[in-house]
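Over in Swiss-Prot, the protein carries these features:
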TRANSMEM  5-25  transmembrane segment
TRANSMEM  52-72  transmembrane segment
TRANSMEM  88-108  transmembrane segment
TRANSMEM  148-168  transmembrane segment
TRANSMEM  179-199  transmembrane segment
TRANSMEM  206-226  transmembrane segment
TRANSMEM  293-313  transmembrane segment
REGION    335-370  region 'Disordered'
COMPBIAS  351-360  compositional bias 'Polar residues'
Amino acid sequence: MAKDVFAVPIFFICFRECVETSIIVSVLLSFIKQTLGQEQDATTRKRLIRQVWWGVAIGLFISVCIGAGMIGAFYGYGKDHFASTEDLWEGIFSLIASVIITIMGAALLRVTKLQEKWRVKLAQALEAKPLTGGTFKNNLKLWAEKYAMFLLPFITVLREGLEAVVFIGGVSLSFPATAFPLPVFTGILAGVAIGYLLYRGGNQASLQIFLIISTCILYLVAAGLFSRGVWYLENNTWNHVIGGDAAETGAGPGSYDIRQSVWHVNCCSPLVNGGGGWGIFNAILGWTNSATYGSVLSYNLYWIAVIVWFVAMRHKERHGRLPVVDPLLNRLRGRKSAEPGNGEQDVEVSTIPSDLQTESKIPKSGASLV
C-alpha cells in the first residue's frame with residue numbers, strides 16, 4: 001500500500017519546516033553576495049558564507065541528535081512524553097526568532113544607502129577581537145557581532161528541526177517505519193529547491209529590488225512567528241488546564257479554549273495530519289484555524305510596533321533627533337551626570353561616536369530607508 005511507503009503528513013511537515021529555513025538562509029546568502037560582491041571582499045564574503053553554513057550544520061546536527069532520542073522514546077514508550085513541554089519551547093523559540101529577524105530586516109533596508117559602510121562593518125565583525133577583560137555584556141555583544149551570520153540560521157534550523165521532529169513523532173505511531181524515508185527526503189528536497197530559486201532570484205535582481213522584496217518576506221515571517229509564539233504559550237496553558245495535549249483531540253471541541261477564542265474552524269488546521277497546504281501558510285504567514293485574543297492582538301501590535309519604529313528611524317535620519325525620546329534621554333543623562341562621583345563617566349556618556357555623527361549628517365535627499 002502507498003501508506004506503507006509514503007506518509008503524506010510526514011512530507012508536508014518536512015516541506016513546511018524546510019521552506020521556512022530555506023527562506024532565511026537564501027536571503028542571508030543573497031544579502032552577503034550582493035553586499036560583498038566586489039573582488040576585494042572575496043575573503044570576507046567567504047568567511048561570512050561559512051558562518052551561515054556552520055549555523056545551518058550545527059543547528060541541524062543538534063536537532064537530529066535530540067530528534068533521534070525523542071523518536072526512540074516515542075517508539076520505546078508508545079506515547080508522546082514530550083507534548084507537555086512542546087508548546088512552551090515552541091513559543092520561546094518563535095519569539096526569539098521573530099525579534100532577530102525584525103532587527104535583521106531593518107538592517108537590510110539600510111544597505112543601499114550605506115553599502116560601503118556595511119562592507120567595512122562586515123569586515124570588522126570578523127576581525128579578531130579580545131572577548132575577555134571586559135564586562136559580560138560587552139563580551140556577549142562582541143561575540144554576537146562577530147558571529148551574527150551564524151546565530152540566525154543556527155536558531156532557525158534548530159527551532160524548525162526540533163519542531164519537525166516533534167510533529168513527526170506525534171504522527172509516527174500511526175505509520176510503519178518504512179513510510180518515513182521517502183517523504184522526509186522529498187519534503188526536504190522540495191523545500192531546498194524553493195530556497196535555491198529564491199537565492200538565484202535574489203542574485204539576479206537589482207540590490208534595491210532584492211532588499212525590498214526579501215525584507216517584506218522576512219517581516220511577514222517574523223509577524224507570523226511572533227503571533228505563533230504567543231499562540232503556543234497560550235496553548236501550553238490550555239494543555240495544563242485540560243491535563244493533556246489538546247492537539248490529540250483533533251480540530252473540534254476540546255482542542256481550544258473557547259474563552260480566549262476569536263475564531264475557530266474545524267477544518268484548515270496546520271497541526272492535524274501534517275497540515276497540508278495550511279501548514280505551509282502557518283510556517284510562512286502564521287495562519288491558524290483557531291485564533292486567540294493573544295495571537296490576533298500580538299500580530300497587529302507587531303505591525304504597529306514595526307511601523308512606529310520605521311517612522312521614528314525616518315524622522316531621526318531627516319532631523320537628527322527623536323522628538324520625545326531624545327529629550328527624555330538627555331534629561332536622564334543630565335541627572336546622572338549631576339550625581340557625585342560620575343565626573344569621569346560624563347565625558348563617556350556625552351561623547352557621540354563619529355560614525356553616528358556621520359549618519360546624522362546624511363542629506364535629506366538620501367534619507368529614505370531604501
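Every residue gets a Cβ built from N, Cα and C, even glycine.
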Stretch of maximal Cβ-Cβ contact with the transmembrane segment (148-168) [cut-off: under 8 Å; candidates 52-72, 88-108, 179-199, 206-226, 293-313]: 52-72
Per Cβ pairs under 8 Å, the stretch of 5-25, 52-72, 179-199, 293-313 packing most closely against the transmembrane segment (88-108): 293-313
Seg_contact(the transmembrane segment (206-226), the transmembrane segment (5-25)) with at least 3 CB pairs under 8 angstroms, min sep 6: yes
Top Cβ-contact partner of the transmembrane segment (5-25) among 52-72, 179-199, 293-313 (pairs under 8 Å): 179-199
Positions on the same chain near the transmembrane segment (293-313), where near means CB under 8 A and six or more residues out: 98, 102, 106, 219, 222-224, 226-231, 233-234, 260, 262, 286, 322, 325, 369
